[in-house]
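Listed in TrEMBL:
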DISULFID  108-135  disulfide bond
DISULFID  163-172  disulfide bond
DOMAIN    80-137  domain 'Sushi'
DOMAIN    137-173  domain 'EGF-like'
SIGNAL    1-23  signal peptide
Ligand SMILES: [Ca+2]
Ligand SMILES: [Ca+2]
(Lines of atoms letter the chains of each structure in order from A; the text may use other names.)
(Lines give C-alpha, C1' and ligand atoms only; values in the text may rest on other atoms or scores of the structure.)
(Ligands and ions follow the chains in the order given, each with its own letter.)
Protein backbone atom coordinates (compact mmCIF):
# COMPACT_ATOMS: atom_id res chain seq x y z
CA UNK A 1 0.00 0.00 0.00
CA UNK A 2 2.80 2.36 0.81
CA UNK A 3 4.46 1.53 -2.54
CA UNK A 4 1.24 2.55 -4.44
CA UNK A 5 0.99 5.97 -2.76
CA UNK A 6 4.65 6.59 -3.41
CA UNK A 7 4.18 5.84 -7.14
CA UNK A 8 1.10 8.14 -7.49
CA UNK A 9 3.02 11.18 -6.12
CA UNK A 10 5.89 10.46 -8.48
CA UNK A 11 3.44 10.54 -11.47
CA UNK A 12 1.96 14.00 -10.46
CA UNK A 13 5.43 15.46 -10.11
CA UNK A 14 6.29 14.28 -13.55
CA UNK A 15 3.19 15.83 -15.10
CA UNK A 16 3.55 19.20 -13.36
CA UNK A 17 7.15 19.33 -14.20
CA UNK A 18 6.38 19.75 -17.91
CA UNK A 19 5.47 23.33 -18.97
CA UNK A 20 2.68 23.73 -21.64
CA UNK A 21 4.72 26.05 -23.72
CA UNK A 22 7.42 23.49 -24.29
CA UNK A 23 4.98 20.57 -25.07
CA UNK A 24 4.43 21.72 -28.51
CA UNK A 25 8.09 21.92 -29.11
CA UNK A 26 8.83 18.30 -29.11
CA UNK A 27 6.39 15.55 -30.11
CA UNK A 28 9.02 12.92 -29.34
CA UNK A 29 9.17 14.19 -25.72
CA UNK A 30 5.44 13.84 -25.56
CA UNK A 31 5.64 10.34 -26.89
CA UNK A 32 8.24 9.59 -24.30
CA UNK A 33 6.06 10.83 -21.51
CA UNK A 34 3.16 8.75 -22.73
CA UNK A 35 5.36 5.67 -22.65
CA UNK A 36 6.36 6.47 -19.10
CA UNK A 37 2.75 7.00 -18.12
CA UNK A 38 1.78 3.66 -19.59
CA UNK A 39 4.60 2.00 -17.74
CA UNK A 40 3.51 3.70 -14.56
CA UNK A 41 -0.04 2.55 -15.09
CA UNK A 42 1.19 -0.98 -15.69
CA UNK A 43 3.22 -0.80 -12.52
CA UNK A 44 0.29 0.45 -10.55
CA UNK A 45 -1.89 -2.30 -11.92
CA UNK A 46 0.61 -4.89 -10.74
CA UNK A 47 0.81 -3.23 -7.39
CA UNK A 48 -2.95 -3.26 -7.10
CA UNK A 49 -3.18 -6.97 -7.90
CA UNK A 50 -0.57 -7.86 -5.34
CA UNK A 51 -2.19 -5.60 -2.79
CA UNK A 52 -5.58 -7.18 -3.37
CA UNK A 53 -4.08 -10.67 -3.17
CA UNK A 54 -2.42 -9.77 0.14
CA UNK A 55 -5.68 -8.51 1.51
CA UNK A 56 -7.42 -11.70 0.47
CA UNK A 57 -4.86 -13.89 2.16
CA UNK A 58 -5.07 -11.79 5.26
CA UNK A 59 -8.85 -12.04 5.33
CA UNK A 60 -8.70 -15.81 4.89
CA UNK A 61 -6.28 -16.10 7.76
CA UNK A 62 -8.46 -13.93 9.95
CA UNK A 63 -11.51 -16.04 9.10
CA UNK A 64 -9.64 -19.25 9.90
CA UNK A 65 -8.44 -17.79 13.18
CA UNK A 66 -11.95 -16.68 14.03
CA UNK A 67 -13.30 -20.16 13.27
CA UNK A 68 -10.69 -21.89 15.39
CA UNK A 69 -11.26 -19.52 18.30
CA UNK A 70 -15.01 -19.90 18.17
CA UNK A 71 -14.72 -23.76 18.10
CA UNK A 72 -12.42 -24.03 21.24
CA UNK A 73 -14.04 -24.30 24.80
CA UNK A 74 -14.22 -20.62 25.29
CA UNK A 75 -16.00 -20.94 28.69
CA UNK A 76 -12.93 -22.18 30.63
CA UNK A 77 -9.66 -20.38 30.81
CA UNK A 78 -6.70 -22.43 29.73
CA UNK A 79 -5.19 -24.37 32.80
CA UNK A 80 -2.10 -26.54 33.21
CA UNK A 81 -2.49 -30.04 34.79
CA UNK A 82 -0.08 -32.82 35.69
CA UNK A 83 -0.65 -36.46 34.74
CA UNK A 84 -2.65 -38.55 37.19
CA UNK A 85 -0.73 -40.53 39.85
CA UNK A 86 -1.31 -44.04 41.21
CA UNK A 87 -0.95 -45.17 44.84
CA UNK A 88 2.15 -47.31 45.32
CA UNK A 89 1.70 -51.04 45.77
CA UNK A 90 1.26 -51.82 49.52
CA UNK A 91 0.51 -48.13 50.09
CA UNK A 92 -2.01 -45.32 49.77
CA UNK A 93 -2.25 -41.98 47.96
CA UNK A 94 -3.83 -38.84 49.39
CA UNK A 95 -4.91 -36.04 47.03
CA UNK A 96 -6.70 -36.29 43.67
CA UNK A 97 -6.26 -32.80 42.12
CA UNK A 98 -3.51 -32.53 39.61
CA UNK A 99 -3.42 -28.78 39.03
CA UNK A 100 -0.39 -26.60 39.42
CA UNK A 101 0.78 -26.27 43.02
CA UNK A 102 -1.45 -29.12 44.23
CA UNK A 103 0.18 -31.81 46.36
CA UNK A 104 -0.26 -35.55 46.44
CA UNK A 105 0.90 -37.50 49.54
CA UNK A 106 1.88 -41.15 49.85
CA UNK A 107 1.98 -43.60 52.80
CA UNK A 108 2.70 -47.32 53.12
CA UNK A 109 0.81 -50.16 54.79
CA UNK A 110 2.15 -51.45 58.16
CA UNK A 111 5.26 -53.49 57.67
CA UNK A 112 6.31 -51.49 54.62
CA UNK A 113 8.63 -48.58 54.30
CA UNK A 114 8.24 -45.70 51.83
CA UNK A 115 11.20 -45.35 49.54
CA UNK A 116 11.04 -42.05 47.65
CA UNK A 117 9.28 -38.74 48.30
CA UNK A 118 6.23 -38.78 50.53
CA UNK A 119 4.89 -35.70 48.74
CA UNK A 120 4.88 -34.71 45.04
CA UNK A 121 3.91 -31.22 43.82
CA UNK A 122 2.44 -30.37 40.37
CA UNK A 123 4.69 -27.83 38.77
CA UNK A 124 3.74 -25.08 36.25
CA UNK A 125 5.28 -27.09 33.45
CA UNK A 126 2.82 -29.93 34.08
CA UNK A 127 5.40 -32.22 35.61
CA UNK A 128 5.35 -33.61 39.11
CA UNK A 129 8.29 -33.00 41.38
CA UNK A 130 10.35 -36.07 42.29
CA UNK A 131 9.75 -39.66 41.28
CA UNK A 132 6.93 -42.01 42.28
CA UNK A 133 7.69 -43.62 45.65
CA UNK A 134 7.47 -47.38 46.33
CA UNK A 135 6.55 -49.32 49.49
CA UNK A 136 9.24 -51.79 50.45
CA UNK A 137 8.82 -54.60 52.96
CA UNK A 138 10.56 -53.41 56.14
CA UNK A 139 13.52 -55.64 56.77
CA UNK A 140 13.67 -56.11 60.55
CA UNK A 141 16.80 -58.12 60.15
CA UNK A 142 18.68 -55.52 58.15
CA UNK A 143 20.33 -54.18 61.30
CA UNK A 144 21.73 -57.68 62.09
CA UNK A 145 20.18 -57.77 65.55
CA UNK A 146 21.12 -61.39 66.31
CA UNK A 147 24.46 -61.72 68.06
CA UNK A 148 26.93 -64.57 68.31
CA UNK A 149 25.99 -66.18 65.03
CA UNK A 150 22.21 -66.14 65.57
CA UNK A 151 20.00 -66.38 62.50
CA UNK A 152 17.43 -63.62 62.01
CA UNK A 153 13.96 -64.55 60.73
CA UNK A 154 11.63 -61.88 59.39
CA UNK A 155 8.09 -61.53 60.66
CA UNK A 156 5.47 -58.82 60.31
CA UNK A 157 6.76 -55.95 62.40
CA UNK A 158 9.12 -58.20 64.29
CA UNK A 159 11.97 -60.61 63.94
CA UNK A 160 13.18 -63.69 65.73
CA UNK A 161 16.69 -64.86 66.42
CA UNK A 162 17.46 -68.55 66.14
CA UNK A 163 20.47 -68.96 68.38
CA UNK A 164 23.32 -71.38 67.88
CA UNK A 165 24.06 -73.94 70.54
CA UNK A 166 25.07 -72.55 73.92
CA UNK A 167 23.56 -69.14 73.25
CA UNK A 168 20.17 -67.84 74.28
CA UNK A 169 18.21 -64.65 74.76
CA UNK A 170 16.15 -62.57 72.36
CA UNK A 171 19.35 -61.51 70.63
CA UNK A 172 21.41 -64.61 71.44
CA UNK A 173 23.27 -62.40 73.89
CA UNK A 174 23.51 -64.94 76.74
CA UNK A 175 25.62 -68.01 76.91
CA UNK A 176 23.22 -70.78 77.81
CA UNK A 177 25.20 -72.13 80.72
CA UNK A 178 25.93 -68.70 82.06
CA UNK A 179 22.61 -66.87 82.05
CA UNK A 180 22.38 -65.32 85.50
CA UNK A 181 20.53 -67.80 87.72
CA UNK A 182 18.77 -66.84 90.90
CA UNK A 183 21.58 -68.07 93.07
CA UNK A 184 24.34 -66.04 91.49
CA UNK A 185 25.87 -63.33 93.60
CA UNK A 186 25.05 -60.05 91.93
CA UNK A 187 25.86 -56.47 92.69
CA UNK A 188 28.82 -57.25 94.89
CA UNK A 189 32.18 -56.33 93.41
CA UNK A 190 33.96 -58.69 95.79
CA UNK A 191 32.13 -61.57 94.12
CA UNK A 192 32.80 -60.50 90.53
CA UNK A 193 35.76 -61.08 88.26
CA UNK A 194 36.62 -60.00 84.77
CA UNK A 195 36.44 -62.92 82.33
CA UNK A 196 39.44 -64.09 80.39
CA UNK A 197 38.69 -63.50 76.73
CA UNK A 198 40.39 -64.40 73.47
CA UNK A 199 39.39 -63.91 69.87
CA UNK A 200 39.29 -67.09 67.83
CA UNK A 201 38.09 -66.95 64.21
CA UNK A 202 36.61 -63.48 64.64
CA UNK A 203 34.56 -64.69 67.59
CA UNK A 204 35.16 -63.65 71.15
CA UNK A 205 35.54 -66.57 73.53
CA UNK A 206 35.46 -65.81 77.24
CA UNK A 207 35.76 -68.03 80.26
CA UNK A 208 35.59 -67.73 84.01
CA UNK A 209 37.60 -69.25 86.82
CA UNK A 210 36.19 -72.25 88.64
CA UNK A 211 33.50 -71.18 91.05
CA UNK A 212 32.40 -68.35 88.79
CA UNK A 213 29.90 -68.30 85.98
CA UNK A 214 29.57 -65.87 83.13
CA UNK A 215 26.68 -63.47 82.89
CA UNK A 216 25.80 -60.35 80.99
CA UNK A 217 25.99 -59.94 77.26
CA UNK A 218 28.74 -61.30 75.10
CA UNK A 219 30.06 -57.78 74.65
CA UNK A 220 29.91 -56.96 78.32
CA UNK A 221 30.30 -60.20 80.19
CA UNK A 222 31.30 -60.60 83.79
CA UNK A 223 32.15 -63.57 85.95
CA UNK A 224 29.87 -63.82 88.96
CA UNK A 225 30.54 -66.04 91.93
CA UNK A 226 28.40 -69.14 92.14
CA UNK A 227 26.69 -69.22 95.50
CA UNK A 228 27.21 -72.91 96.15
CA UNK A 229 25.30 -72.66 99.41
CA UNK A 230 22.17 -71.61 97.54
CA UNK A 231 22.68 -74.12 94.76
CA UNK A 232 22.80 -76.97 97.24
CA UNK A 233 19.75 -75.76 99.06
CA UNK A 234 17.74 -76.79 96.03
CA UNK A 235 15.56 -79.83 96.29
CA UNK A 236 17.29 -83.14 95.86
CA UNK A 237 20.79 -81.76 96.16
CA UNK A 238 23.09 -83.38 98.69
CA UNK A 239 23.66 -81.35 101.80
CA UNK A 240 26.81 -79.38 101.33
CA UNK A 241 27.64 -78.72 104.95
CA UNK A 242 26.67 -80.50 108.14
CA UNK A 243 25.93 -77.15 109.76
CA UNK A 244 26.32 -73.79 108.02
CA UNK A 245 27.55 -72.93 104.55
CA UNK A 246 29.49 -69.73 104.00
CA UNK A 247 29.71 -68.48 100.44
CA UNK A 248 33.05 -67.00 99.46
CA UNK A 249 34.24 -65.65 96.09
CA UNK A 250 34.97 -68.60 93.85
CA UNK A 251 34.16 -71.20 96.49
CA UNK A 252 32.43 -71.84 99.81
CA UNK A 253 33.30 -73.20 103.20
CA UNK A 254 31.41 -74.95 105.95
CA UNK A 255 31.27 -73.64 109.45
CA UNK A 256 30.33 -75.33 112.70
CA UNK A 257 28.63 -73.92 115.76
CA UNK A 258 30.64 -72.89 118.77
CA UNK A 259 31.85 -75.93 120.70
CA UNK A 260 32.31 -77.96 117.51
CA UNK A 261 35.27 -78.42 115.25
CA UNK A 262 35.21 -79.06 111.53
CA UNK A 263 36.51 -82.41 110.41
CA UNK A 264 38.98 -83.18 107.69
CA UNK A 265 36.26 -83.62 105.10
CA UNK A 266 35.56 -79.91 105.35
CA UNK A 267 31.85 -80.38 105.90
CA UNK A 268 31.32 -82.41 109.07
CA UNK A 269 31.20 -80.99 112.56
CA UNK A 270 32.34 -82.79 115.67
CA UNK A 271 31.69 -81.72 119.19
CA UNK A 272 34.76 -80.64 121.08
CA UNK A 273 35.21 -82.78 124.13
CA UNK A 274 36.12 -80.05 126.55
CA UNK A 275 36.53 -82.57 129.32
CA UNK A 276 39.11 -84.56 127.42
CA UNK A 277 40.86 -81.46 126.12
CA UNK A 278 40.96 -79.98 129.60
CA UNK A 279 39.10 -76.96 128.30
CA UNK A 280 36.62 -77.02 131.13
CA UNK A 281 36.46 -75.06 134.33
CA UNK A 282 34.96 -77.73 136.57
CA UNK A 283 36.05 -77.34 140.14
CA UNK A 284 37.59 -80.06 142.19
CA UNK A 285 34.96 -82.48 143.42
CA UNK A 286 32.86 -82.08 140.32
CA UNK A 287 33.09 -84.17 137.21
CA UNK A 288 33.18 -82.81 133.70
CA UNK A 289 30.54 -84.27 131.40
CA UNK A 290 30.95 -83.49 127.72
CA UNK A 291 27.79 -82.33 125.98
CA UNK A 292 27.03 -81.12 122.51
CA UNK A 293 28.18 -77.53 122.14
CA UNK A 294 29.54 -77.45 125.70
CA UNK A 295 30.09 -79.46 128.88
CA UNK A 296 28.57 -79.82 132.32
CA UNK A 297 30.20 -80.03 135.74
CA UNK A 298 28.32 -82.56 137.82
CA UNK A 299 28.49 -83.69 141.39
CA UNK A 300 25.60 -86.05 142.01
CA UNK A 301 24.37 -86.25 145.56
CA UNK A 302 23.09 -89.31 147.28
CA UNK A 303 19.48 -89.37 148.49
CA UNK A 304 19.03 -87.59 151.75
CA UNK A 305 18.76 -89.77 154.83
CA UNK A 306 15.24 -90.33 156.06
CA UNK A 307 14.20 -92.49 158.98
CA UNK A 308 16.77 -95.21 159.32
CA UNK A 309 17.67 -95.08 155.61
CA UNK A 310 20.90 -93.40 154.72
CA UNK A 311 23.39 -93.59 151.86
CA UNK A 312 27.08 -93.33 151.38
CA UNK A 313 28.86 -92.36 148.23
CA UNK A 314 31.06 -95.17 147.07
CA UNK A 315 32.22 -93.53 143.81
CA UNK A 316 31.52 -90.20 142.06
CA UNK A 317 28.46 -91.78 140.41
CA UNK A 318 27.34 -94.39 142.89
CA UNK A 319 25.61 -94.33 146.27
CA UNK A 320 25.01 -97.34 148.46
CA UNK A 321 22.51 -97.69 151.22
CA UNK A 322 23.93 -98.15 154.65
CA UNK A 323 23.02 -101.48 156.27
CA UNK A 324 19.45 -101.55 157.49
CA UNK A 325 18.36 -102.61 160.93
CA UNK A 326 17.15 -106.20 160.76
CA UNK A 327 13.55 -105.37 161.52
CA UNK A 328 13.17 -102.28 159.30
CA UNK A 329 11.05 -103.28 156.32
CA UNK A 330 10.95 -99.74 154.90
CA UNK A 331 14.73 -99.62 154.90
CA UNK A 332 14.91 -102.88 152.99
CA UNK A 333 12.45 -101.56 150.42
CA UNK A 334 14.50 -98.41 149.79
CA UNK A 335 16.93 -98.59 146.84
CA UNK A 336 20.00 -100.54 147.76
CA UNK A 337 22.11 -98.71 145.19
CA UNK A 338 21.60 -95.42 143.42
CA UNK A 339 23.77 -94.85 140.37
CA UNK A 340 24.11 -91.76 138.18
CA UNK A 341 24.52 -91.80 134.43
CA UNK A 342 24.92 -88.96 131.92
CA UNK A 343 24.13 -89.09 128.23
CA UNK A 344 24.70 -86.43 125.60
CA UNK A 345 22.35 -86.75 122.65
CA UNK A 346 21.83 -84.73 119.48
CA UNK A 347 18.41 -83.51 118.56
CA UNK A 348 15.98 -85.46 116.48
CA UNK A 349 17.37 -88.95 116.84
CA UNK A 350 15.57 -91.71 115.04
CA UNK A 351 13.43 -93.79 117.35
CA UNK A 352 13.09 -96.31 118.82
CA UNK A 353 16.57 -96.21 120.21
CA UNK A 354 18.00 -98.12 123.15
CA UNK A 355 19.82 -95.66 125.35
CA UNK A 356 20.69 -97.54 128.49
CA UNK A 357 20.86 -101.06 129.85
CA UNK A 358 20.44 -102.09 133.43
CA UNK A 359 21.49 -105.57 134.57
CA UNK A 360 22.00 -107.54 137.66
CA UNK A 361 24.96 -109.66 138.46
CA UNK A 362 25.23 -112.58 140.78
CA UNK A 363 27.52 -111.82 143.62
CA UNK A 364 30.14 -114.48 144.32
CA UNK A 365 28.96 -117.01 146.83
CA UNK A 366 25.26 -116.33 146.58
CA UNK A 367 22.73 -117.07 143.88
CA UNK A 368 21.43 -114.24 141.82
CA UNK A 369 17.80 -113.29 141.59
CA UNK A 370 15.59 -115.52 139.53
CA UNK A 371 13.34 -112.70 138.45
CA UNK A 372 13.65 -108.98 137.70
CA UNK A 373 11.16 -106.12 137.35
CA UNK A 374 11.95 -102.86 135.67
CA UNK A 375 10.18 -99.52 135.74
CA UNK A 376 10.49 -95.75 135.38
CA UNK A 377 10.01 -94.29 138.80
CA UNK A 378 10.90 -90.64 138.52
CA UNK A 379 12.40 -87.80 136.56
CA UNK A 380 10.91 -85.20 134.28
CA UNK A 381 10.36 -87.20 131.12
CA UNK A 382 6.97 -87.07 129.48
CA UNK A 383 6.42 -90.34 127.73
CA UNK A 384 9.56 -90.11 125.59
CA UNK A 385 11.01 -93.27 127.19
CA UNK A 386 9.89 -96.78 128.00
CA UNK A 387 11.63 -99.40 130.10
CA UNK A 388 11.43 -102.98 129.01
CA UNK A 389 13.09 -106.22 129.73
CA UNK A 390 15.42 -107.40 127.01
CA UNK A 391 16.55 -110.69 128.45
CA UNK A 392 16.50 -112.60 131.71
CA UNK A 393 18.92 -110.28 133.47
CA UNK A 394 18.71 -107.03 131.52
CA UNK A 395 16.30 -104.18 131.13
CA UNK A 396 16.55 -101.45 128.50
CA UNK A 397 15.67 -97.78 128.49
CA UNK A 398 14.28 -97.08 125.05
CA UNK A 399 13.75 -93.66 123.51
CA UNK A 400 10.44 -93.74 121.69
CA UNK A 401 10.00 -90.05 120.82
CA UNK A 402 12.49 -87.70 119.21
CA UNK A 403 14.05 -85.16 121.51
CA UNK A 404 14.87 -81.59 120.62
CA UNK A 405 17.42 -79.52 122.48
CA UNK A 406 18.63 -77.74 124.22
CA UNK A 407 17.06 -79.47 127.18
CA UNK A 408 17.99 -81.75 130.08
CA UNK A 409 15.79 -84.75 130.77
CA UNK A 410 16.09 -86.96 133.82
CA UNK A 411 14.82 -90.50 133.93
CA UNK A 412 14.91 -92.55 137.09
CA UNK A 413 14.72 -96.29 136.51
CA UNK A 414 14.51 -99.04 139.00
CA UNK A 415 15.20 -102.70 138.88
CA UNK A 416 13.71 -104.96 141.55
CA UNK A 417 15.21 -108.37 142.19
CA UNK A 418 13.17 -111.35 143.26
CA UNK A 419 14.18 -114.81 144.37
CA UNK A 420 11.44 -117.41 144.70
CA UNK A 421 8.97 -114.54 144.22
CA UNK A 422 10.38 -112.86 147.26
CA UNK A 423 11.55 -109.29 147.01
CA UNK A 424 15.28 -109.10 147.46
CA UNK A 425 16.52 -105.59 146.60
CA UNK A 426 15.91 -102.55 144.49
CA UNK A 427 18.46 -100.62 142.42
CA UNK A 428 17.89 -97.17 141.00
CA UNK A 429 19.67 -95.68 137.99
CA UNK A 430 19.25 -91.96 137.51
CA UNK A 431 19.93 -91.09 133.85
CA UNK A 432 20.43 -87.47 132.89
CA UNK A 433 20.13 -86.77 129.15
CA UNK A 434 21.68 -83.60 127.78
CA UNK A 435 19.98 -82.90 124.46
CA UNK A 436 22.00 -80.66 122.13
CA UNK A 437 20.26 -78.17 119.85
CA UNK A 438 22.09 -79.66 116.89
CA UNK A 439 21.35 -82.81 115.02
CA UNK A 440 24.97 -83.94 115.10
CA1 LIG B 1 30.91 -68.99 95.92
CA1 LIG C 1 31.32 -80.49 124.02
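Please read every residue number as a count from 1 along the shown chain.
Cβ atoms are placed via backbone N, Cα and C, with glycine included.
All annotation found in TrEMBL is predicted automatically rather than curated by experts.
Secondary structure from DSSP puts residue 135 (disulfide bond) in a beta strand. Annotation for residue 163 (disulfide bond): spatial neighbours 146, 148, 149, 150, 169, 172, criterion Cβ-Cβ under 8 Å with sequence separation of six or more. All protein chains shown were included, and the count of other CB atoms within 10 Å of the CB of residue 135 (disulfide bond) stands at 21. Classification of residue 108 (disulfide bond) by DSSP places it within a strand. Around residue 172 (disulfide bond), a 10 Å sphere centred on its CB holds 24 further CB atoms from the protein chains shown.
Taking the Cβ of residue 108 (disulfide bond) as reference, residues of its chain lying under 8 Å away and at least six apart in sequence are, in sequence order, 88, 90, 91, 92, 114, 135.
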